[in-house]
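What follows is a single structure, written as structure tokens, with notes after it.
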Amino acid sequence: MLARKVFASSAFLTGSRFLGRGLDIVAALVMARFLSPADFGVVTIGLAALMVLESFTELPVEDALLREKELRDEDVNTAFTLSALRGLSVAALLCASAVPLAMIYDDNRLILLICLLGIAPVARGLRSTMMVKFRREVNYKPLAVIDMFCRITSFLLAVACAWYTESYLSLVILSVTPQIIELIATHLIAPYRPRFTLSKMRFILSFAGQVTISRVLATLSSEGDRFLVGGFAGKAALGFFSMGRSVATTASWAIAMPLLAVMYPGLAQIREDPPRFRRSYLRGQGMIVFAILPVSLALGVLADPLVRLALGDEWLLVVPVMQALSVLNAAATFSMPAHSLAMATGEIRQMIWREAVTLVVSIPAVTFGAIYYGLSGAVLGRVLAGLVHTAMSLQMVTRLSDIPVARQLINPWRSVIGSAVFAAVLYLVSHTMADGNWVELATLLAASGIAAGISYIAVHLALWKLAGMPDDSPEHFLIDLIQSGLSRGNTAAASS
């Protein structure tokens, strides 16, 4: 029952997040027609500064509340107070860093840009903390509705701004608007009258503090790349790096994040039942690989026609960035749920150790690569750090759940075989059609996607049948969800 509820909730949230991230990609692609790589680079510097500051002060207070058996008013009020103080602190620090960063990168546009970005953490800190009650019930529909509305609104505003002004500030609108809308929406859906108190601060910080350390290290590792590439390879190279990374990772994480979000409370409920805990983890891992592996491979195989169609020839340097990071994302799918497992067991120190080692590898690798080999060297340095992160995640799962690394790699075998066929069909179809204008490129992509998608589903279902159609498989849950949806649709039609 819990597995079905988790899967249904994650499917709904995944759909909304995928739509939202898709709109983000479309917005970035549309704005690339009006903005230069240097414009993207300067905004990336501001966003990187914001993300680093947020990670240093991040307090995942809702994650701490999820582990409690009972939601008390004192806990909720303390969580809201800590979130509000954090948001105001981040905004103040961000504004204080505006002038120094503008001097370092010799670009006065950073002053206004960074100060405007300071609105985002304030809005996030004032959201209704009572939204956690939906997560505790593994009900992500309200979160999905809010996310969808925020993304659609910010997409329309940002594209309109880019169209009429051709200003880099349109990218700021894309980043800040969702936070403001979410602030209002959360208080409408989960009404909460703020009461400022720090009475339960020690309880919340005992868990959230360790998570914060882990995320600080993770952000330094990932977002530090942007400063290094911008500093050693230039703002244009940073624009290529950021665009390639965004396109290569956004779709995958749009699918993964909702699945991981619902895995954490689901696993936390059964953490005292080891056999069931292991089965649930492997089931979640299988679903993530099933959904993300083909998407990652598709972005790598179709990188060239995608860039030509969506961005134009001036962005062709993005192609190798997309290809390298897509392969890295494909490998990372096997270990993505490790984060949820560590959170559910409370073994946050394992996450801290993993992120610390990755950071130690990432900074010198990306720095050396950017200095001596430019953009391509920086990308290879990021790939090396990512592979280290994946390997350590697999080992962490083994230590915390007694699931061997080999078992983790073999578990989603049907998805691996299906994805290999999927990628092969994509490659063959896309390379048998001649390149040409945008109409021909769009036709090529559509034909490749349809053929590969059909082959992936067919191979998956055939292998599932050969395996005896196990009940705890992604195929079974997906078919069950479709049948339930059709049944509800028929019932609604009959009643009307």
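Keep in mind that glycine also has a Cβ here, set from the backbone N, Cα and C atoms.
Listed as Cβ neighbours of the transmembrane segment (82-104) (distance under 8 Å, sequence separation of 6 or more from its ends, same chain) are residues 45-46, 49-50, 53-54, 57-59, 61, 110-111, 113-115, 117-119, 121-127, 129, 194, 196, 198, 201, 204-205. Residues annotated as transmembrane segment in TrEMBL: 82-104 (among others).
Long-range Cβ contacts of the transmembrane segment (110-127) within its own chain (Cβ-Cβ under 8 Å, at least 6 residues beyond either end) map to 42-43, 45-47, 49-50, 53-54, 83-88, 90-92, 94-95, 97-99, 101-102, 168-169, 172, 175-176, 179-180, 182-183, 186-187. Per TrEMBL, transmembrane segment is recorded for 110-127 (among others).
According to TrEMBL, the transmembrane segment annotation covers 171-190 (among others). Sequence-remote contacts of a segment are chain residues at least 6 beyond its ends whose Cβ falls under 8 Å from one of its Cβ atoms, and for the transmembrane segment (171-190) they are 24, 27-28, 31, 35, 39-40, 43, 46-47, 113, 116-117, 119-121, 123-124, 126-128, 130-131, 133-134, 142, 145-147, 149-151, 153-155, 157-158, 161.
Feature annotation from TrEMBL assigns transmembrane segment to 240-264 (among others).
Look at TrEMBL and you will find 285-303 (among others) tagged as transmembrane segment. Distant neighbours of the transmembrane segment (285-303): 7, 10, 14, 247-248, 251-252, 255-256, 259-260, 318-320, 322-323, 326-327, 329-330, 333-334, 336-337, 408, 411-412, 414-416, 418-419, 422-423, 426-427, 430, 445, 448-449, 452, 456, 460, 473-474, 477; these residues of the same chain sit at least 6 beyond its ends, with a Cβ under 8 Å from one of its Cβ atoms.
TrEMBL lists 315-335 (among others) with the feature transmembrane segment.
The transmembrane segment annotation in TrEMBL covers 356-373 (among others).
Annotated transmembrane segment per TrEMBL: 409-429 (among others), in sequence order.
Feature annotation from TrEMBL assigns transmembrane segment to 441-464 (among others). Only residues 6 or more beyond the boundaries of the transmembrane segment (441-464), in the same chain, are considered here, and those with a CB under 8 A from a CB of the stretch are 290, 294, 298, 302, 305-306, 308-309, 413-415, 417-419, 421-423, 425-426, 429-430, 433, 435, 470, 473, 475-476.
Long-range Cβ contacts of the transmembrane segment (240-264) within its own chain (Cβ-Cβ under 8 Å, at least 6 residues beyond either end) map to 6, 9-10, 13-14, 16-18, 20-22, 24-25, 28, 32, 37, 40-41, 44, 63, 66, 135, 138, 140, 144, 225-226, 229, 233, 280-281, 284, 287-288, 291-292, 295-296, 299-300, 306, 311, 315, 317-322, 325-326, 329, 333, 336-337, 339-341, 343-344, 375, 378-379.
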